[in-house]
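Q: Structure provided below as structure tokens; questions to follow.
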């Protein structure tokens with residue numbers, strides 16, 4: 001490689017790394033904005049009355065992503081995260097992400113289970129999708145713990161300091177593809193169940209069609225946002241420029257939202 005080409009590659013890497021840092025900051029800002037925007041409803045509805053076990057799943061699904069995104073911002077911006085520190089902690093990011101994905105899918109499966117009148121076949125189907133993905137996630141976490149983090153150019157500039165785990169592209173593609181399938185299947189079941197309930201609304205209480213309409217409306221937004229996010233990341237995995245450290249972009253932008 002000529003010196004000019006090497007310099008251009010170095011400049012591109014610097015821009016890639018810096019863009020990830022700003023992306024992480026923007027992502028956590030948006031997450032906190034959403035949190036405070038929905039906090040009054042959380043206090044009004046979630047914290048009143050008895051607290052079933054689903055309430056505690058909600059708390060984890062609600063607050064762990066906020067702590068996780070805050071941790072990501074610290075990881076990408078704090079100079080104390082040297083390569084040596086990163087090498088011992090990068091796998092934690094993968095483990096938390098896999099856990100949050102699993103939790104969100106359980107939460108969404110329970111919503112579908114209730115919407116389909118406790119159809120156990122639905123639980124079996126989505127469990128059959130989630131278990132292989134969880135196995136891939138555990139294996140990806142293992143690889144992150146046993147392989148070193150990505151070594152970046154030893155340049156004493158903050159733009160060239162980033163904690164990112166080593167690439168395992170085939171596994172990441174498989175993991176993301178399963179997420180796409182899960183999202184699509186969940187949306188189809190929710191939408192079709194809502195449509196059937198709406199058509200038969202004359203035989204149910206007047207409040208149920210409104211509730212089902214809300215569930216279908218929220219599920220539609222959820223589907224397009226999350227499906228698009230996963231599709232974009234899958235596209236970057238397949239078509240990205242070689243050497244682009246997109247791992248942490250995924251971890252920052254695609255945490256499981258609240259179903």
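Glycine is treated like the rest: Cβ placed from N, Cα and C.
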Q: For the feature transmembrane segment as recorded in TrEMBL, pick the matching range from 156-177, 178-199.
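A: Among 156-177, 178-199, the range TrEMBL annotates as transmembrane segment is 178-199.
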Q: Cβ under 8 Å, sequence separation of at least 6 from the ends of the transmembrane segment (178-199): give me the contacting residues as numbers and ranges.
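A: Sequence-remote neighbours of the transmembrane segment (178-199) are 101, 105, 108-109, 111-112, 115-116, 122, 125-126, 129-130, 132-133, 136, 208-209, 212-213, 215-216, 219-220, 222-223, 226-227, 230-231, 234.
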